Amino acid sequence: MAEAVLALEGLHKRFGALTATDDVSLTLRPGEIHALIGPNGAGKSTLIAQIAGSLRPDAGRILLGGEEITGLSVAARARRGLGRSFQVSSLAEPLPAIRNVMIGVQAQAGHSFRFWKPAERDPRLIEPALAALARMGLAHRAWTPVAELSHGERRALEVACALAMKPRALLLDEPMAGLGPEGSARLTELLESLRLEVPILLIEHDMQAVFRLAERISVLVAGRVIAHGDGDTIRRDPQVRDAYLGE
Amino acid sequence: MTDQTPSGTLPGDLPARPPRRLGRRGTVQLVMLALLLVLPVAADLLGHPYYVTLASRLTLIAMAAVGLNLALGYGGMVSFGHAAYFGLGGYVAGIGAYHAFDATAFMGMFPGSDNLLVLWPIAMLACGLLALLIGAVSLRTSGVYFIMITLAFAQMVYYFANSWPTYGGQDGLPIYIRNQLPGLDTQDPLTFFLICFAGLVLAMALTSRLMGSRFGAALTMARLNDTRLATAGITPYPVRLVSFVISAMITGLAGALYADLNGFVSPSMLSWHMSGELMVIVILGGVGRLYGPLAGAVLYISMETLLGGLTEYWQLFLGLTLLGVVLFARHGVMGWLAGREPHG
Ligand SMILES: Nc1ncnc2c1ncn2[C@@H]1O[C@H](COP(=O)(O)OP(=O)(O)O)[C@@H](O)[C@H]1O
Ligand SMILES: [Mg+2]
């Protein structure tokens, strides 16, 4: 079995009396989509925040490509290849879509303290950004301000932003939220096509999408992983049906 | 996938990018600069040096505001302490002239100089270092705390200048003979105006170039959404700090020129009124717009000159204008004259 791209080891996080992450260990392997499901308030977003570096875990380790990144900043983790999308889109609204993507290309190239050469028409930034946008079906919207994009387009744009960084692992927090069946199906297809390019840790409520995409599923309830396995295992797990699938 | 990609993705023929034209905005900007250059020349020819000096003052205030605009407008860092750099630049010019005149040395070590080619780099360096110090601390905070900390630092500099008797303390320091630029007569009002004008144009050109660069893209993102910037892999803090330092250096150079224009530097250049005045000018003109500081300075100086002659309460009208801009014309005078920026 290939070595995990991303590994969490015994993560703990408390908010006062609330345990948001309770001894979570999981891995993301090359070429896989690993889905993380669970009811609202289970601690899924909190977990993503700890992996991405915007929250510090109280205990535990996070490894990317075998190297510990637990103490690194958000930006340092991103430079090492951690791409992320947010549950609530976080984009620069007045800027054209492509400028949101170009900043990731620029960060990847490591050239942000260049003060003179025009960047907005630099093909070394524009071309990879356009490629990432095209990957998500957004090339025709490249120069449209984010504020004018539809909700679905924004969700896809966030993924394009992450893709432009040439990530080693993607963390997607409910990318299909609010998309409707058609949009969900479309995004599912796009994510399917990314699988071999970059492994994805996917948080999603859309069960159809999850069962279709994920090789492995972990179920988080009250901060704890209560079940783990492939789609069939999860579907049959009585504890999961009880706590989450509600059947 | 290829059907999504617009045709012609080759470099030099970039897709779907709206072409650039001079347009209304470009025309307004060009006219503004042309008037700023032509009117003082005309005033000089017609024998009105007072207006030439007034134009120099306007130009330097605009240049100081161009510096502030880089931090406040483009970087979203609401500095309420830019008078510190304006005044420090002024004091460098004043102290250099003082020691050159006396043939003594600054702190017993550095001889004075009245050569602007020496004084300007020193002024910019000093302001850059001060801003590095102040910025390094202040930029750990944001919002109201940032405003208050920048103000507090500037007040420290103000009281320090007030209580340093060698350089005049609260009485200030005269510059008896305007500092020199080899080959030019800086005493001549028009020559000095042209130096100021060149300074303003350079500061604006630098800002424009900077904001179009990769660094500018990062700074813009730091202002609009620093989570996005960090998530992309760029740490916002050093980007902000560097722009804060450059901003202070521009304002400091304007301050050095301003002291030479007035033949005088005093703690009033360091006071919070000065910081506020620069902020008002940036906001009046249009926050984060290249020509905003110039437009704001024109409006400010016009009101001060025209209304100030009629009533000592002219600042009441300034306040009302500011209120109007903040409430009804969020993009300032430039937004009103030239329309919205395309984006950013
Ligand atoms: N910064 C915070 N401070 C305090 N409590 C928090 C914070 N962030 C999340 N929580 C709480 O932690 C729990 C898990 O939240 P979250 O990770 O957003 O859940 P999910 O994404 O699974 O819906 C919730 O009860 C939430 O209220
Ligand atoms: Mg969540």
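In case you wondered, yes, glycine gets a Cβ from its N, Cα and C as well.
Any TrEMBL annotation is an automated prediction that lacks curation.
What TrEMBL lists as region 'Disordered' is B:1-21. The transmembrane segment annotation in TrEMBL covers B:26-43, B:49-71, B:83-101, B:116-137, B:144-161, B:190-211, B:237-258, B:278-301, B:313-338.
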Please tell me whether the transmembrane segment (B:190-211) and the transmembrane segment (B:313-338) touch - that is, whether there are at least 3 C-beta pairs under 8 Å between them, with each pair 6 or more apart in sequence.
no
Six or more residues out from either end of the transmembrane segment (B:116-137), which same-chain residues have a Cβ under 8 Å from its Cβ atoms?
81, 84-85, 88-89, 92-93, 96, 149-150, 153, 157, 179-182, 186, 240-241, 244-249, 251-253, 255-256, 260
Ranking B:26-43, B:49-71, B:83-101, B:144-161, B:237-258 by the number of C-beta pairs under 8 Å to the transmembrane segment (B:278-301), which range is first?
B:49-71
Taking the transmembrane segment (B:144-161) as the first stretch and the transmembrane segment (B:83-101) as the second, find out whether 3 or more Cβ pairs fall under 8 Å, excluding pairs closer than 6 in sequence.
yes
Under a Cβ pair cut-off of under 8 Å, which of the recorded stretches B:26-43, B:49-71, B:83-101 contacts the transmembrane segment (B:237-258) most often?
B:49-71
Is the transmembrane segment (B:26-43) packed against any residues at least 6 beyond its ends, judged by a Cβ distance under 8 Å, and which are they?
49, 51-52, 55-56, 58-59, 190, 193, 197, 201, 290-291, 294-295, 298, 334, 337-338
Any residues 6+ beyond the ends of the transmembrane segment (B:49-71) with a Cβ under 8 Å from its own?
36, 39-40, 43, 77, 79, 82, 85-86, 189-190, 192-193, 196-197, 199-200, 203-204, 207, 210, 243-244, 246-255, 257-258, 261, 277-279, 281-282, 285, 287-289, 292-294, 296-298, 300-301, 305
